[in-house]
Each structure stands twice: as C-alpha cells, then as structure tokens.
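Taken from TrEMBL as is:
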type	residues	note
TRANSMEM	26-48	transmembrane segment
DOMAIN	41-288	domain 'G-protein coupled receptors family 1 profile'
TRANSMEM	60-85	transmembrane segment
TRANSMEM	91-119	transmembrane segment
TRANSMEM	139-163	transmembrane segment
TRANSMEM	199-225	transmembrane segment
TRANSMEM	237-259	transmembrane segment
TRANSMEM	271-290	transmembrane segment
Amino acid sequence: TEPVNHTLLTKFVISGLSSHPELQHLLFFTLCLVYTMTVIGNLLICVVTVHPTLCTSMYFFLQVLSFLDVFTASTVVPKVLVSFLSEDRSISYVGCVTQLYCVIFSGATEWYLLAAMAYDRYVAICNPLRYTLIMNPRVCLCLVLLSCCSGSVVSVVQTAWVFTLHFCGPRKINHFFCDVPPLMLLSCTDTSMYEKQVITATVLVICTPFCLILVSYACIIYSVLKISSAEGRHKTFSTCSSHLIVVTLYCACGTLNYLPTSSKSQDTKKVLALIYTAIIPMLNPLIYTLRNKEVREVLIITMAV
C-alpha cells in the first residue's frame, strides 16, 4: 500500500474499548462513574491541601499530582464517553496529535513528580532537622517546573517522531485513544528504529525515576529500621506506603504497555492503558486520603463547614 500524504490525512477512526455491543451501556456507566469520582476526588484533594495545617512540600506535590490526574483523565475519558453515544468515532488528525501529546506529557511529568515525592519523603525521614531548610518552597517549585519541562520535552519528541511515520490503508486505530503502540501499527514504513527509540524513552521516563525512587526508599527503610519504637516505625511506613502503592501500579502498567513484547494482545494493552489513564487517577485521592490521618481530619472539617 502506498503511504498516505499527511496533507490528505484529516482524521483517524478509533475502535473504542470493546467491539461487543452488549457491553456498551455497562462500560459507559462504569467509565462515567470512574471519571466523576476522579474529578471530584482530585479537586477535593486540591481544595483540602491548601489548609494551613497541610502547607508542606508533601501536600504541595500532592496538589500537583491531583491536577495531573484530572488532566490525564480529561484528555482521554470524555472522548471515550462520547464515542459510546455516537456512531461517529472519528478523531481529527490535529486532535489525535494533541491527545497523544497531552497523554505523554502528563504521564512523563507524573513519573518525574513521583521521583520528587520520593526524594521529599527521604529528606523528611532521613534528615528531619533539615527538612524545612532543604525542601523549602523554592526548591519544591523548581522540582515541579523541572518535572513539567522534562515531561514536555519527552512529549514533543515522542509525538513528533510518531507523526513523521507514513500511515497506510484504513485509518482505524485499534484503541480507545491515540497512543504510540496502536499508531505504530498503522504505519507502512519500517518501525524498528522507532521501537528502539520507544524502549529508550521508556527507560528514561519510567525506569530511571523508578530506580531513583527505589534508592530513596532503600535509604528510608534503613533509617526506619534503626527506630527503636515500634509505633514510630509503623507511622513512618504508613506515611510512605501510599506513595509506594501508586508507584507500583503506575510502573507495572506503563512498563508492560510500552515495552514491546510479542505476548501482549491489543486488548491487553487497552486494559493496561485504561488502568493508568482512568483507574489510577481515581484511586490516587482514595489512597492518599484514606491512608493519611492529617488529610482525613482536614477533610472532615472541610465537609462539616
């Protein structure tokens, strides 16, 4: 098949979450509920964490994480919900480029932010007397801006690279949003070089921050084990466990989705993508709220008012 000139390529068709008509209504209401909980939960976290008693670097990072979760879900889920109600499942070429950029930007930025949050926990536990000096507002803002800039660079490079490919034949994307793996399947050119580039990007965006997080928590565990009080050890582990839950979920889904392996079907990739674009953003407020006593107390006060 001859490559299609990009000037003539005006839209793609997205297959959606499932090809089974009997599941459409169930998926619509389930996803609608998940998205509603995601938006309300994360916006509530943003409101609660501005309380004077929660004005620390940890809660500042949590605010940014909540914003990114809403941004990620809003980039993908509304379009999926509309596709359940409409026969037209097309997305414009520009819309596809924009969606891919936003998904990669939010994902990469969130990974760097999770690494910054791990460093914040390391300083708080291993250097408590110097915590406010090291993690001052200026340092926290710089870490967030660095995360955003890094995420933007990764997103620009990845998006530009994907859309330099030539797309042939039917423009049907076997996915529920514009993502790198399904777009590569539409290419009629050799993608072996790009697959190597995807692996490199995955290592830089996921594996490198993950290694930094592991180092931070190895130091934290070493310090915690030296605490004589069992109650002190439990409190410290409880503070860090919520962050580890998020990191584990995010790392597993992101790595399995983007590292190319022949054993993964496209349906499996859809499930993995659904987890990190919709499920994890919904779970983050629940994990951080239900497992954090300070946030729960402020939340109760806020709801009472």
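Backbone N, Cα and C define each Cβ position, glycine as well.
Using the rule of three or more Cβ pairs under 8 Å, pairs at least 6 apart in sequence, the transmembrane segment (199-225) is not in contact with the transmembrane segment (271-290). Within the same chain, the transmembrane segment (237-259) packs against the transmembrane segment (91-119): three or more Cβ pairs sit under 8 Å, each pair at least 6 residues apart.
Within the same chain, residues 6, 57, 60-61, 64, 97, 100-102, 104-113, 116, 119-120, 180, 183-184, 194, 197-198, 201, 204-205 sit at least 6 positions outside the transmembrane segment (139-163) and bring their C-beta atoms closer than 8 Å to a C-beta of that stretch. The average pLDDT for the domain 'G-protein coupled receptors family 1 profile' (41-288) in the predicted structure is 85.
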